[in-house]
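According to TrEMBL, the protein carries these features:
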DOMAIN    A:28-543  domain 'Cytochrome oxidase subunit I profile'
DOMAIN    A:585-843  domain 'Heme-copper oxidase subunit III family profile'
TRANSMEM  A:46-68  transmembrane segment
TRANSMEM  A:132-151  transmembrane segment
TRANSMEM  A:175-201  transmembrane segment
TRANSMEM  A:213-239  transmembrane segment
TRANSMEM  A:299-320  transmembrane segment
TRANSMEM  A:332-356  transmembrane segment
TRANSMEM  A:368-394  transmembrane segment
TRANSMEM  A:406-426  transmembrane segment
TRANSMEM  A:596-613  transmembrane segment
TRANSMEM  A:667-686  transmembrane segment
TRANSMEM  A:738-764  transmembrane segment
TRANSMEM  A:822-844  transmembrane segment
Amino acid sequence: MTTINREVTPQGDLPENPERLHNDLHEIWGNPRGLKALTIVNHTTLGLRFMVTGMVFFLIGGLLAMLVRTQLALPDQDFMSPDIYNQVITMHGTVMMFLFAIPMLEGLAIYMIPKMIGARDLVCPRLTSLGYWCYLFGGIILTFSLVLEMAPDSGWFMYTPLSSSEYSPNLGSDFWLLGITFVEISALSAGVELVVSILRTRTQGMALHKMPLFAWYILAMALMIVVGFPPLILGSILLELERAVGMPFFEVAGGGDPILWQHLFWLFGHPEVYIIFLPAAGIVSTLIPVFAGRPIVGYGWVVFAIITTGFISFGLWVHHMFTVGIPQLAQAFFSAASMLVAVPTAIQVFVWLATLWLGKPKMKLPMLWIMGFLIIFVCGGLTGVMLALVPFNWQVHDTHFVVAHMHYVLVGGMFFPLIAGLYYWLPLFSGRMPSETLGKWGFWLTFLGFNGTFLIMHWTGLLGMPRRVYSYETGMGWDIFNLLSSMSSFVMSAGIAMVLLDFALHFRFGKPAKHNPWNADTLEWANSMPPSAYNFVSLPKIETRHPLWDDPDLPRAMAAGEHSLAVATHGRREMWGTDPLTGKVREIIHLPGNSWWPLFAAMALAVVCISLLTRLYPLAGIAVVIAALFLLRWSWENGAHPKAAPDAHVAPGDPSLHSRTMDGPGLWAMSITMLANGSFFLSYLFGWFYLWTVSPEWRMPETSPLSLVGLVVAAVALTVGGGILEKLVRGLRQQRDAGLAIGMFSISALGFVQVGVTLWVLLSANLAVTETSHDAIIMVGLAYALLHGGLGAVLTLLQGLRVGYGYVGAHAPFEPAVVAQLWRYNVVTFWIIVGALAVLPRVIGS
Amino acid sequence: MTTTMQRLHLTHPLHFVIGLTLWCTWFVAVYGGHAVACAVAPPAPEQGVFTLVNALLLVVSFVAIGILAALTVGCYRMAKHHQGRLRFNATVSAGLYLFSTLGVVFAAMPIIGIPPCL
Amino acid sequence: MRLSIQRLTQQRVNLPGVPLALLAGLLLTGCAGDKSILDPAGQAARDVVMIWWVMLGFGTVVFVTVVALWLYAFKRKEVTRTPVQERRIARRWIIGGGIILPVASITALLAFGVPAGQRLLPLPLGEPPEVIEVIGHQWWWEVRYPDAEGGEVVTSNQLIMPAGEPVDFHVTGADVIHAFWVPRLGGKIDMIPGRVNKIRLEADEPAVFGAQCAEFCGAQHTQMQLYVEAVERDEYDAWLAARQTDELTSLAENDQQHEPAREAFMTHCASCHRVAGLSTAGEGPDLSDLGSRTSLGAGIMAMEEGAVTHWLKHHQRLKPGNKMPPHDDIETATLESLGAWLETLTP
């Protein structure tokens, strides 16, 4: 292991002086200071920023929770007016879900994943940065509504018609819809790049079945984000269109259906629970083997459980809707599916148990939090199975029983493992150890406070106390239980304050940690503590699942530059691109450096968001164009652009740079993005067919308003363009680039033909989008097609220009293959749109 | 049969997701088909469970169970022929196919006992 | 400060604050209550409570066992084992606890649970049950009896139902989504604009139940309470008969002393409120039998002398955000005469 890998280090060179190598790498990777710190794209810095920001939002959400418990401490309290109370409960749920739980765990994954899989950064560093800024700006916009006393007040689930302009005329709902959609850009971008990073940038030899379990969990979480968030984004766009323009998607009189919102919301909302739970369970699966001092038993079982959970969680959404009057047989499907998810969860619990059973477990501070997790989560899981039973659900749905269950699952299933993980990784963040005393106090106060608050709340719910009431009258038997809940909640916040104090103090006063203080097995502990901007001086070849247990000398050897890619003379940020299955090296991935473009693009998007809120639509339009220009400018600095890789030479024997191959990570990023896009598109089709078949007052004209001829002409233009592009890409694969620029320009022209004809079809259809949901939803479908067609045309146009600049060609054939994926997607979806919107209504009739 | 199974590359990790994707597809087909059937041609409540809707849903479920069970057996056999990474892939796939098969069985049970559109 | 005179649903007061022993408190006084799921008054609710206690018992056993095993794993002495033994032990745990346990549990649960759900379904019966329509408004309840002999009967914020027989509730929402839920009788069902949902409930014997909107419906979701009373069949028939429109028409016209109040009603109230014989249905609750109800403002305050006047004067303070405009522009004397008259509207 410790010998130099001759195949990949520069020939004949002995490792350079490690000191100098560090300095050289730091020169390339290091973070700038001052204002330029805003350009940082490094995953370590951005991961920390995500987590710190997440903690700030956690404090805001926690404060709101304390306000709620204060109000409910005694019957008939008048501490907050009903109006304010409703804003507070809505924002508590929204902040905790969207601004704390998801970004916090994403931040942890962003920080941890490259270090665990032996990479130097995530695969799209600028995307990490864009994600962070979108999260920050979106979060600020959303929470600012609280200051204005204009916060959303229809509940964090925003059910229509309550959230519609008729029943919520103020800006609250708009803050929610626009702010959350903005924040979701961040979740999606992190989701995409985590998937690609895990699949394509693991260090040499780390085959899929040797990956740390945490990476499996994050892979599942990221894929679930990619598939699960788009339905809500679609729902938010539709609802905002209804509020702003009056398109009646959810309004019965206009042919819409409020239940469509519930489907779209919970299509996202249920997977969301597992998106939060899986990474937390990943922390548990990482910590337990370390503290048991043995490998996890049943690695394969855990992988099985992760994949099962990920999939089944998409088949459960209707269990949030058992009382909307869906036929009982359909409810029974979802009831059964909801119970099925108990199987993978139980498997994990017993894998953990067996690992402890067969190991020599030690009750260190992180393990204390894991025990807390176990107790609370098992309890929440059991009530979860109960809630899956339809008749029981009908009784306790929307009571405090559900509030209790949900907090057991989310706080138990996410917060406790998170704190365990943070305590575990603190020495890595800071190089110092936390205080055991303060930590134990913090744990016990939090644990007892939590159970005091929420265990009792089950009972309050069974006594009939509904959710989301701002007060209750005395004499229902609820008084004492509410008082106990409220008192315990303050104990819990004292505990959490103590934990945060411990975190804050340890950076200054903590004992310096020795290297790998918990004797862990995974690669992140081969970093220096705190880690450098480039993580590893040299990238190792991995043979086992437990590199640090099997070779304790590995960290030293890596830091001494005895492994691969220990060169910095070329001035580029680089790491391995490996095969997703076997972990064999395929190419060298070169990464972009710090950049202003993500910040600028996010700022432009923030202007879009604010101007939509304030109904300044022309400004919003201008800002959209500016944001698009920033993003395109960003994409310009790719591939063979001198800023992307100043020096394209590689050491003899090394594979070439990814931009000089046909299979870089960008191809994967585009595929995963199209997966998200496809999920959005399927949600749209679901909406169309749902309204068509189920909506109570659906009205469809006798003949379709869309010109079939026009649409087919547009589709043919698009298809021909796609065909030419495929041919050009095949040529590039064989090193031929004759006529590349002309080809790209003509494809672009065909793309613009499709856009023009589609636009003509749309305009000549004379849609009454504010009258019927039928016309409104057709409008959305065609707008989707126009947007995609336009993007495809512009990107091929830019490709043509890049050929002229010499950034693309036989020497750098990568980008056309990426653009071809988008075109393929556009061709398929456009034909589906033609079929669903124009052909089917003609065949079936209304 | 054997050649079909060979052509499916049952040691590829893509099979981690195919089984549950089929499960999801079955689930959506049954749920969606049921919703459409109840919207278009709901059978009379007096018929109880002996309706065309229940029968069709059962047929679809049996097809899904058949496919998934065959793939379970295929992956299980394939796992025995390999070692290391490929064995891991085939074993986990077999487990996931088995779970998907039983998942269909379990979630389809209500079709036998509940009238469709109430 | 809320100016509640006396709150409505206190017929079944139980003692608050028996914190001596929490467990004893839970078991002795805890289960009763107007809206308590644990104090069922109908078969559907009773089935659910039975299922709950069984699930609680079983869940507790599972919970205690799992946690005890985990804790024991920290305490037990080390044993050296061969890898083969380790694999066998691990597989036993995972298959036993991770597969057999949950599969057996959920199969049993589904087998018990599905039949219990059937009871709430509007399955065909030999004799068609009584139908009562309930319509949710922000933030009050409209209750209609379409099958009443001699024509439909309409009332608000009170639901009188026959005891000892199944009743089908057909529910919908007039504005946003609400949910109809009488906890002691059985499960809840959403009231959705544009749809009619059906649920079948049965009260064992005459009693009064609390009910409240269960789906968050805006500012006054909390104060959307419904008074539910199950009465014997003949009493129910008599109650309906007394509310036939003809009876009420005569009521609205009798008695000259309230003539000014009736005129004020026609000026200020009649565009929204119906009083049989005087005005037709509008956006607000039907007031035809207001004097006979037990509460005002969907459960805000008990109906007693002077209550209506008090409500008319202070309703935006008692129930902030409710859709009735404030009455600052109407003279106090007029409000008082209106209140006095409305209280006389009893069949």
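Heads up, residue numbers simply count up from 1 along the chain you see.
Any Cβ shown, glycine's included, is placed from N, Cα and C.
Caution: TrEMBL annotation is automatic and unverified by curators.
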Check for me, if you would, whether the transmembrane segment (A:667-686) reaches the transmembrane segment (A:406-426) - at least 3 Cβ pairs under 8 Å, residues 6 or more apart in sequence.
no
Most Cβ pairs under 8 Å with the transmembrane segment (A:132-151), selected from A:332-356, A:368-394, A:406-426, A:596-613:
A:596-613
Hey, which of A:46-68, A:299-320, A:332-356, A:596-613, A:738-764 has the most Cβ-Cβ pairs under 8 Å against the transmembrane segment (A:175-201)?
A:596-613
Would you kindly list the residues that approach the transmembrane segment (A:738-764) from elsewhere in its chain, counting only those six or more residues past its ends and only Cβ-Cβ distances under 8 Å?
706-707, 710-711, 713-715, 717-718, 720-722, 724-725, 727-728, 731-732, 779, 782-783, 785-786, 789-790, 792-794, 796-797, 799-800, 803-804, 808-809, 816, 823, 830
To what whole number does the mean pLDDT across the domain 'Heme-copper oxidase subunit III family profile' (A:585-843) round?
93
